[in-house]
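One structure is given here, and the rest of the page talks about it.
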């Protein structure tokens, strides 16, 4: 079946509508809040009308039917449909702030209870429990530090690569700002020599030639690159065979400016051609 389906789920307030707008801009036929029990019939109907790219968003308001989604997606894959799953998430404090700023109520906050509306943190905890099976199957996007324009850009980048191959997302980050929630693998490179302590390199980044030359001369850096690359070489085929569309490899150093950026650039270059690759520098790009 010549059809690609993108299913967007995630926490309320995480940016699902923004992600859906990105897909609409990219030419997908989009439906928001589709009841899960209608997913298969909707996809088949759209294909009958010669549609080739479809995107649907689902949220916790359809909680009773959400357990049907994994089985339906498996059935679509058996028919030859290219299925991609995105799960948008953010830290609880960010979600609370967004609800406060927009003055919107959480979809589960008005569930009928004798003691009245549920507290926001309680409903968020319940929502995470209900959505956990879908999160496990999807590519997670942590929107905690993303502006709407950055989320739009990132989703478009993800969907710009062919769905038939595994996509590797290499991301640099600063440990002092926290580990991103969307990482599948996290490598700590803070033990490597730090260009920050070289006065002429401090203001530069891991993409600048002087920093690249400095790090290339460090045996520990070369060894770390080899070990991470060999680990990925060993396991990526198995991940691809397990219907994984995306794998996010996060490389962290103290400031997210020199060492992690350099390693991300080198690893992405190593795997380009064999796999789809994307590069994200969280601290440099403001994401």
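Backbone N, Cα and C define each Cβ position, glycine as well.
For reference, Swiss-Prot has these:
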type	residues	note
BINDING	10, 11, 12, 13, 14, 15, 16, 17	ATP binding site
BINDING	59, 60, 61, 62	GTP binding site
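What Swiss-Prot annotates, mapped onto the structure for a quick look.
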{"residue": "10", "record": "ATP binding site", "Cβ within 10 Å": "26"}
{"residue": "11", "record": "ATP binding site", "Cβ within 10 Å": "24"}
{"residue": "12", "record": "ATP binding site", "Cβ within 10 Å": "22"}
{"residue": "13", "record": "ATP binding site", "Cβ within 10 Å": "23"}
{"residue": "14", "record": "ATP binding site", "Cβ within 10 Å": "25"}
{"residue": "15", "record": "ATP binding site", "Cβ within 10 Å": "24"}
{"residue": "17", "record": "ATP binding site", "Cβ within 10 Å": "14"}
{"residue": "59", "record": "GTP binding site", "Cβ within 10 Å": "22"}
{"residue": "61", "record": "GTP binding site", "Cβ within 10 Å": "13"}
{"residue": "62", "record": "GTP binding site", "Cβ within 10 Å": "19"}
Note to self: Quick check for you: of the binding-site residues 59, 60, 61, 62, which have their Cα within 10 Å of the Cα of residue 11 (ATP binding site)?
What the structure shows: 59, 60
Notebook entry, point to check: So what sits near residue 60 (GTP binding site) in its own chain, CB-to-CB under 8 Å and at least six residues off in sequence?
Noted result: 12, 66, 107, 108, 127, 130, 131
Checklist line | Three-class DSSP secondary structure - residue 62 (GTP binding site) | finding: helix
Checklist line | Secondary-structure category, per DSSP, in which residue 17 (ATP binding site) falls | finding: helix
Next item on the list: Look up residue 11 (ATP binding site) in the DSSP assignment and report helix, strand or coil.
Entry: coil
Check: Rounded to the nearest angstrom, how far is the Cα of residue 10 (ATP binding site) from the Cα of residue 59 (GTP binding site)?
Finding: 7
Notebook entry, point to check: residue 17 (ATP binding site) to residue 61 (GTP binding site): how many Å between their Cα atoms?
Noted result: 15
Note to self: So if I draw a 10 Å sphere around the Cβ of residue 16 (ATP binding site), how many other Cβ atoms end up inside it?
What the structure shows: 23
Checklist line | residue 10 (ATP binding site) to residue 61 (GTP binding site) - Cα separation in whole Å | finding: 12
